[in-house]
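Novice: Mind looking over this structure? Questions follow.
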């Protein structure tokens, strides 16, 4: 369930039930709010939920140039207290690095429905990459310096989580909303794919039933043809006379009577194969 909440200094969303993209379980249920970015932009109306065009996150990505404070392992996959504790620890580490002459690293944070990536601004080489289903929590804290943080699984099949913290003055709220929008689009894409898959399976079942019915009819026609062939080839009994009308019930012609069912069967088989070949 993706949840978006506003308070005086916190904008956050969570996806506690997130799973892999093969079985993505996110909800597009959100609480809409007019953000600072939305108020600034003349192109945005009160009816718009997000700040970017969907095509930017579906066909490409949105990139932000921010400072990377660092990442640290955490005990919980979500929670504002967990994020704030991580920020305190990373701030302490930053002070130590500054005393040694090191500066906070600048990175490019890219966001799309494929996930979130941390990469070098010049070389565009990925330092870290996170599929959306591995991100369990995201929050921007406007107290003191403006931080954007998210918690992600360390590895796909791991229970370990790390909190990643970024210094992004005046952009933390917008970045959090952009990540939330990526989740919303990924969820809608999953729903569309699931609906199409359900329709395809339903048509497949119906096609199988039609084929079985046609096969049954063809089998019945073949049995009738065999019976008629036997009757026409039987020798007449001595002293008996079979009238012309008694056995000349119009014979079933294999070229006319069975043609349509066989054609229908071929068409149904073709349709079934096309359904099986659906991606």
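Backbone N, Cα and C define each Cβ position, glycine as well.
Those TrEMBL annotations? Automatic predictions, nothing curated.
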Novice: Using TrEMBL as the reference, determine which range in 15-48, 49-82 is annotated region 'Disordered'.
Specialist: 15-48
Novice: Could you put numbers on the helix, strand and coil content of the compositional bias 'Basic and acidic residues' (221-233), residue by residue per DSSP?
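Specialist: Summed over the compositional bias 'Basic and acidic residues' (221-233), the classes give 13 helix, 0 strand, 0 coil.
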